[in-house]
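Annotation source TrEMBL lists domain 'MobA-like NTP transferase' at 4-123. The UDP-N-acetyl-alpha-D-glucosamine binding site annotation in TrEMBL covers Lys21, Gln69, Gly74, Thr75, Gly130, Glu144, Asn160, Asn217, Arg321, Lys339, Tyr354, Asn365. According to TrEMBL, the region 'N-acetyltransferase' annotation covers 241-449. Residues or ranges marked as acetyl-CoA binding site in TrEMBL: Ala368, Asn374, Tyr375, Ser393, Ala411, Arg428.
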Amino acid sequence: MHSAIVLGGGVGKRFNSKVPKIMHTLGEKPIIYHLWDTLQTVDGIEEVILVTSPQIAELLPDNANVVIQDEPLGTAHAAFLGASVAKNENVIIVNADIPLVRKETFSTMVESSYSRLIAVTRFPFESDFGRVRFVDGLLRQIVEVSDLRDRREKEIPFVNTGVYKARKEDIVNGFPLLGKSNAKKEYYITDLFNLLAEDKGVHVLLFEDWSQFLGINTRQDLARVLHVYKQRLLERIMEAATIVDPESTYVGENVKVGKDTIILPNTTLLGSTEIGEDCVIGPNVEIRDCVIGNKCEIKFSVLEEATLEDSVVVGPFARIRPGTYLKSSARIGNFVEIKKSVVGSRTKINHLSYVGDAEVGEDTNIGAGTITCNYDGYNKNPTIIGNRVFIGSDTILVAPVELEDDSFTAAGSVITEKVPKYALGIGRAMQVNKEGWVLKYRKKKEMNQ
């Protein structure tokens, strides 16, 4: 078994932020969480140790296995602190600012018969990663970019990815032998592995997928890594669904999309959203933590923590808020907001309405401008609307109130009491037509001019 040590104690000055670099968000979670989560899924890794500063330690969850590095004395010092408390004799060490390292890469390191390894890659562009010299698969030297002396060293194609494997004793016993010999006057883990290369031998593993080793030191780096991360997630979705414009589409890592669903441009799918088969989502849609059935259509709308059964239509310009449940073939139209409500099958709320804390039955029609007045300043009160109810336009339903099955309301009504089955609820002033009033009004105005 192995212990994994994540080195996250750096200051991150180039990020120019009040927030520690590795606590900035990549996708939907902090940078350091990506490695933490990945390492916990690797067979052969028993524990994950996060070595961080006191400031970062305060931001991590209680279940994190944290070792505090009180002073930023470098990566070798951080590795020494982590190795000193590791349960296992074999350790995997990784820098916290390379969040996209694949599970398969760690598995390769763990499964290797070699006790000491360094992972290297070749970037197709100039980078600030340290260069690696090796012969016949054995490490000769790692040179930090700040210590590169001439152009020849800078042209070395192989870079140090920041992923290592060693014996616990290598780190614990080797650290006291190091000196602050580099430009930043810190203890570098690269110096420690250079010593191991001379003393015990370190094997080199070359990984062709360089994108997983992109590091984050600046906000520009963060944008570059986010692009790679986003593409990785989109490729997974596109195994069964169609994404019309990947450049304008974003999906979270826990999102699931069913077969033959089409995602149109400017769509964002977040959280634990699950979308069924044969749906059309977008354009211009944001969905978070929703469960959506098959054959649904959603466009120009925002949905959060809602459930939609099959064949539901939402939008354009609708807002579906937490706690909403839309049953099969319900239709929610333009400028409609639904909050914490159940809407029955085949019910239509097509225009300019607010429905909150309500239960709406099947085959009901809610006219334009209908408002459920659910809040009295102290409590949220329920509105109960039955099956086959017809609510006239511009109806105000003052909760708590109930409209029984097959009831109607007259347009423009304020409904404050129960409307019985088959009844028409009217709650408005009676219309009075004053004959000749306009002529008198005009004459009066003209005389005063």
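Cβ coordinates are placed from backbone N, Cα and C, and glycine is handled just like the others.
Taking the features listed in TrEMBL, we show where each one sits on the structure.
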residue	record	DSSP class
Gly74	UDP-N-acetyl-alpha-D-glucosamine binding site	coil
Gly130	UDP-N-acetyl-alpha-D-glucosamine binding site	coil
Asn160	UDP-N-acetyl-alpha-D-glucosamine binding site	strand
Arg321	UDP-N-acetyl-alpha-D-glucosamine binding site	coil
Tyr354	UDP-N-acetyl-alpha-D-glucosamine binding site	strand
Ala368	acetyl-CoA binding site	coil
Asn374	acetyl-CoA binding site	coil
Ala411	acetyl-CoA binding site	coil
Arg428	acetyl-CoA binding site	coil
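A sphere of 10 angstroms centred on the C-beta of Arg428 (acetyl-CoA binding site) encloses 16 other C-beta atoms. Rounded to a whole number, the C-alpha distance linking Asn374 (acetyl-CoA binding site) with Gly74 (UDP-N-acetyl-alpha-D-glucosamine binding site) is 58 angstrom. Most other Cβ atoms within 10 A: among the binding-site residues Ala368, Ala411, that distinction falls to Ala368. Over all protein chains present, the Cβ of Arg321 (UDP-N-acetyl-alpha-D-glucosamine binding site) has 16 other Cβ atoms lying within 10 Å. Looking only at the binding-site residues Gly74, Gly130, the densest Cβ neighbourhood within 10 Å occurs at Gly74. For Tyr354 (UDP-N-acetyl-alpha-D-glucosamine binding site), the count of additional Cβ atoms within 10 Å of its Cβ stands at 20 [all protein chains shown]. Neighbours of Tyr375 (acetyl-CoA binding site), defined as other CB atoms within 10 A of its CB across all chains, total 12. With DSSP states grouped into helix (H, G, I), strand (E, B) and coil, the domain 'MobA-like NTP transferase' (4-123) comes out at 39 helix, 31 strand, 50 coil. With respect to Cβ neighbours within 10 Å, the binding-site residues Asn160, Asn374, Ser393 differ, and Ser393 shows the lowest count. For the pair Tyr354 (UDP-N-acetyl-alpha-D-glucosamine binding site) and Ser393 (acetyl-CoA binding site), the C-alpha distance works out to 12 angstrom. If you take the Cα of Gly130 (UDP-N-acetyl-alpha-D-glucosamine binding site) and the Cα of Ala368 (acetyl-CoA binding site), they are about 65 angstrom apart, rounded to a whole number. Of all the binding-site residues in the list Lys21, Gly74, Asn160, Arg321, the shortest Cα-Cα distance to Ala411 (acetyl-CoA binding site) is found for Arg321.
For the pair Lys21 (UDP-N-acetyl-alpha-D-glucosamine binding site) and Ala368 (acetyl-CoA binding site), the C-alpha distance works out to 49 angstrom. Cα spacing between Ala368 (acetyl-CoA binding site) and Arg321 (UDP-N-acetyl-alpha-D-glucosamine binding site): 19 Å, rounded to the nearest whole number. Here the Cβ of Lys21 (UDP-N-acetyl-alpha-D-glucosamine binding site) has 26 other Cβ atoms within 10 Å, regardless of which shown protein chain they belong to.
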